[in-house]
Amino acid sequence: MTERMIRGIRGAITVERNEAEEIVNATETLLKEMIRANDVAASDVSFVLISVTEDITAAFPAQALRRLEGWTYVPVMCMREIPVPHSLPRCIRVMMTVHTAKKQEEISHIYLRDAVALRPDLLTKKTENNMIKSKSDK
């Protein structure tokens with residue numbers, strides 16, 4: 001039996017405007033993709049942390065998690081990022097902690113829209129892994 005342990009799944013997305021509907025919808029898009037890409041069930045999640053840059057104030061992004069069926073009892077907390085000069089504006093970041101049998105390198109971290117600039121190294125690695133898998137499938 002493969003041992004399960006706690007792993008972190010990272011994700012980030014940007015919004016164009018500081019508007020409640022856009023913030024919550026973007027967060028929902030990000031969460032759904034993190035869940036899909038990593039085959040996560042709500043019962044496997046310890047907690048979710050969501051941070052926003054200081055220019056996002058119109059809504060709590062955690063509202064998006066409450067829209068997801070079966071996620072009512074997952075603890076979630078929102079917080080503000082450190083305002084580092086020249087950092088990516090209007091950015092929502094998520095850290096989802098899950099119990100999983102996946103190895104660290106098997107976790108798919110999700111970066112959408114302008115947030116892809118935050119961790120291009122992870123995207124490159126994932127692309128390389130997908131290319132290797134595609135070649136071995138032939």
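Backbone N, Cα and C atoms are what each Cβ position is placed from, and that goes for glycine too.
The model shown is predicted, which means the values in this text are computed figures rather than measured ones.
The following features are taken from TrEMBL:
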type	residues	note
BINDING	Arg10, Arg93, Tyr111	prephenate binding site
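Mapped onto this structure are the features recorded in TrEMBL.
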residue : record                  : DSSP (3 states)
Arg10   : prephenate binding site : strand
Arg93   : prephenate binding site : strand
Tyr111  : prephenate binding site : strand
Mind telling me which of the binding-site residues Arg10, Arg93 has the densest Cβ neighbourhood, counting other Cβ atoms within 10 Å? Arg93
Within the same chain, and leaving aside Arg10, Arg93, Tyr111, name every residue whose CB is within 8 angstroms of the centroid of the CB atoms belonging to the recorded prephenate site, in sequence order. Gly11, Ala12, Val94, Met95, His109, Ile110, Ala115, Leu118, Arg119
Within 10 A of the CB of Tyr111 (prephenate binding site), the number of other CB atoms across every chain shown is 22
If we take the residues Arg10, Arg93, Tyr111 that the record assigns to prephenate, their largest CA-CA distance in Å comes out at 9
